Amino acid sequence: MGEFGCPQFQRLGERYPVLEKLQKVSIVPLVFLIFYEVSGGPFGIEDSVHAAGPLLAILGFLVFPVIWSIPEALITAELGTMFPENGGYVVWVSSALGPFWGFQQGWMKWLSGVIDNALYPVLFLDYLQSGLPQVAGGLPRASAVLGLTVVLTYMNYRGLTIVGWLAVVLGVFSILPFIVMGLVSLPELRPSRWLEVDLRNVDWNLYLNTLFWNLNYWDSVSTLAGEVDDPAKTLPKALFYAVILVVVGYLYPLLTGTGAIPVDRESWTDGYFSHMARTLGGVWLTWWVLGASALSNMGMFVAEMSSDSYQLLGMAERGMLPEFFSRRSRFGTPLIGILFSASGVLLLSWLSFQEIVAAENFLYCFGMLIEFFAFVRLRMKYPTASRPYKVPLGTVGSILMLVPPTLLILVVLALSSLKVAMVSLVALLMGFVLQPCLKYVERKRWLRFSIRPHLPHLGATQDENAVESLMPAVLAVSRI
């Protein structure tokens, strides 16, 4: 394709003047955006101890990153630098399998992301109610969810750079109380407590869902790749540092809590870390942990909403959604995508923590299976295409790398309850109906659909050389 030198491409800044003024996201904010898209700190890992006891919880957060998080991060680094544009995994799947499956991937991932985001007001209020029991239910709780959603949605509206540096500040504040808690717990630490296990009393469904939820979503950052400064170098480094930060951020508090206090598994539920802080440090540490929880949930909310809304923008730029989804505010943010994502959060925030996690994981599993297949397909279809970062394994090695996480996905799906499975399957089928409906609307010209001029046409070529010729142009555009 020779469209990159045409007048239409040269007028890109003229058609999208706001893009020329946007400040790209650098590596430090990007690390903390990934941190919040995946983790946000140890809030939410309590159910791993509740379900399986200290030893299996600790082993889970040691082994699970190796068989799940690292492969997903490696795939994101390779494909995110191969296609450094907003839309991320939607573009990967579209390139490998065609636009229909690209749309299905976008639908599943957006829906699971919105479900995930509905969780953070719930977690925030679960922690807050130990200090303010008034928000435990009823109108005060509903009002708190609405107010929190509105405030955090406005932060997303103001710009991704603001969100990125906000994530840095929130991340530091959220991590510090657990470092202090670990230090004050040293005199009480009993390493033998880490070895407690009762294999006859393990809730495997809750255990695996908790691990899975706390260690996935590494690919979410790919939908922001078009907003990253020099993504070919920045994205792989940010993912590497974020993996370390996330794993240490889970294990350190887990070792502190299970080693310094006699383990009562029934107590390890949402909000337990504030109780642990009161036992080890007193009231001052309790309020610090409560504040860290609040800020952590704020960080996770704004990071996830950024990813979800830019995904919709990227899909609109590819012509998969109506053009109005690609419109940016005066701050360069995807206004319509933000409003859609916020509406979904409000509609789903009445669900319980466990219901949200189970439904989200089920949808996410299907999306990851498609993503794994697309990764292998692109390796086989375009083996010599430009990849600024490439997983240091051949095609066979890459397939073998994906065997453990694929088996894990099948186990998570098999352990899902019938209710979660049925609701999730209905949601999946909605995507099969929605995509043809949107194509019909496009044919009838009831809404405008268009493809941004600088983007390569994913189906325009069938040979490797054409794909290779597109990659430098896409990389150059990503630095505008």
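Backbone N, Cα and C atoms are what each Cβ position is placed from, and that goes for glycine too.
Taken from TrEMBL as is:
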type: TRANSMEM; residues: 25-45; note: transmembrane segment
type: TRANSMEM; residues: 51-75; note: transmembrane segment
type: TRANSMEM; residues: 87-104; note: transmembrane segment
type: TRANSMEM; residues: 163-186; note: transmembrane segment
type: TRANSMEM; residues: 238-261; note: transmembrane segment
type: TRANSMEM; residues: 281-303; note: transmembrane segment
type: TRANSMEM; residues: 335-353; note: transmembrane segment
type: TRANSMEM; residues: 359-379; note: transmembrane segment
type: TRANSMEM; residues: 391-415; note: transmembrane segment
type: TRANSMEM; residues: 421-441; note: transmembrane segment
Have the transmembrane segment (391-415) and the transmembrane segment (51-75) got at least three CB pairs under 8 Å, pairs 6 or more apart in sequence?
yes
Which of 87-104, 163-186, 238-261, 281-303, 359-379 contacts the transmembrane segment (51-75) most, counting Cβ pairs under 8 Å:
238-261
Can the transmembrane segment (281-303) be said to touch the transmembrane segment (421-441) if we require at least 3 CB pairs below 8 Å and skip pairs under 6 apart in sequence?
no
Is the transmembrane segment (421-441) in contact with the transmembrane segment (238-261), using at least 3 Cβ pairs under 8 Å (sequence separation of 6 or more) as the test?
no
Given pairs 6 or more apart, does the transmembrane segment (163-186) have at least three Cβ pairs under 8 Å with the transmembrane segment (421-441)?
no
